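Here is the structure we will look at, set down as structure tokens.
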Amino acid sequence: AGMEGSGDASRAVADWRLAVWTLCSVLLPVLITAWCSFQRSRRQLLIRDIFRKSKHDWHYTDLFGQPSYCCVCAQHILRGAFCGCCGLRVSERCLKKADQRFLCKEIMVRGAAGALSSMPHHWIRGNVPLCSCCMVCKQQCGTQPKLCDYRCVWCQYTVHDECMVDCLRTEDCTFGEFKDLIIPPYYLSTINQMRKEKRTNYEKMVPYCRKHWMPVMVLANTRSGNNMGETLLGEFKMLLNPIQVFDLSKIAPAKALQLCTWLPCNAVRVLVCGGDGTVGWVLDAIDEMKIKGQERYIPQVAILPLGTGNDLSNTLGWGAGYAGEVPVEQILRNVMEADGIKLDRWKVQVTNKGYYNLRKPKVFTMNNYFSIGPDALMALNFHAHREKTPSLFSSRIINKAVYFFYGTKDCLVQECKDLNKKVELELDGERIELPNLEGIIVLNIGYWGGGCRLWEGMGDEPYPLARHDDGLLEVVGVHGSFHCAQIQVKLANPVRLGQAHTVRLILKSSKMPMQVDGEPWAQGPCTVTITHKTHALMLYHSGEQTDDDDASSLSE
């Protein structure tokens, strides 16, 4: 009995030990994971706190795109933080030291005895751009695998460690290649003082006494098309004064454009990074400036196409879409070299039918085109699905594929057939007899539907030239989605209904899809009236023209 009792006791001890070890083997990884998670969360909170309080524009990355070295400890780093304005790169553990030790680009500076008229270079050591050359010896910089060489955050000049002399540290910065586009910090300080003294002769304060100063503002929509806006914001902040670069997801265009009132009249150029909808948003804000009596500060507008369609951008020579293939430096050169032109803008008024309708007419501003029929139906279906699952529509290719799907579907269903029996069309007060149609499109610009020159068609028939600054609209009809597809690949011509200064369309019965510049809705019986509203000052870039665009070159 004693032996059995001792055996039971030993088994109990063994079972207890097994239970303890099992518990430890389960709890220990859990505790280690929880501890690491706590430390990581604590570290992220500290990093976010530094980011929030810092004057640097810090961003965190898990992998730098090129060999990088910490600006504090000079060690090679794969991940860490970088400043989107001055280009500093730092490891996570050195972030606080770097934030305290190094100054970022200042958007506004003031001397001890008053306003400045020049400023020295602002040198940052290490991580110079690839293939950059020393301003002293003209040899390549950044070739050694360590933290070496210097770069000025304003003029972008680079200098070898051994070529850096004391005179370069105190030498006045010339602001480099883009001096005609940059707003110097000391200029803003001077203008701020002049505004306090209620003086408005800003022309006398043009920096460096340059005749061709044309400061540029960059307005980027980070939600447009292929989501490149965030990257572009950082690249433009590196080359320009950060105060010139705006994120339209955080600040409205109307507020951003007030910077124009700090600059000489008729001198500013605005680069809109986004789709045609973003461009329309900015042009509406410019119209508000006219209403406020700020017409002399109206800027000229260039476009960097990030949207899906980009028809207005294509018409003005800026291309059908940007995917990072052109360096940001070349984009700024294109903005400097672009020519000013005018763009007609139109008022679209939609008045619902009915004697007892007390609602105000819907009023839109049109830059590109108005349509009723299959293309509006495709846009309506596309927008409905994008609102349900916006995360799926972050790629230009996916967006066009969805449009193709709905176009193919409409070829089979033909939801807009017999449109000619449902509508009446008047051009400059004259009623037009309509053939059998499914859609009517009113064009202000040369391109439609993501790159199709609709008015020209195959180009094998004589037709009046279409311009975007002549106060005339081109009106065409289409027989359906399949006809639209044929026109896009130059296998068919549209039904040209005419040109007019005023277009009136009456929808007599049923509900039909309509769109203005890609913004669709379903519309019941109504009267649509399109009249000229105003002109917008745009910039035309001839470098993106293709052989297809010979006719549009006359639009300049």
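Every residue number used here counts from 1 along the chain in the order it is shown.
Backbone N, Cα and C atoms are what each Cβ position is placed from, and that goes for glycine too.
Note that TrEMBL annotation is computational and uncurated.
The transmembrane segment annotation in TrEMBL covers 18-38. The domain 'Phorbol-ester/DAG-type' annotation in TrEMBL covers 55-104, 120-173. What TrEMBL lists as domain 'DAGKc' is 211-352.
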The answer for the transmembrane segment (18-38), taking Cβ pairs under 8 Å and residues 6+ beyond its ends, is none
Could you give me three numbers for the domain 'Phorbol-ester/DAG-type' (120-173), the DSSP helix, strand and coil residue counts? 5 helix, 13 strand, 36 coil
The domain 'DAGKc' (211-352), counted residue by residue under DSSP: helix, strand, coil: 58 helix, 34 strand, 50 coil
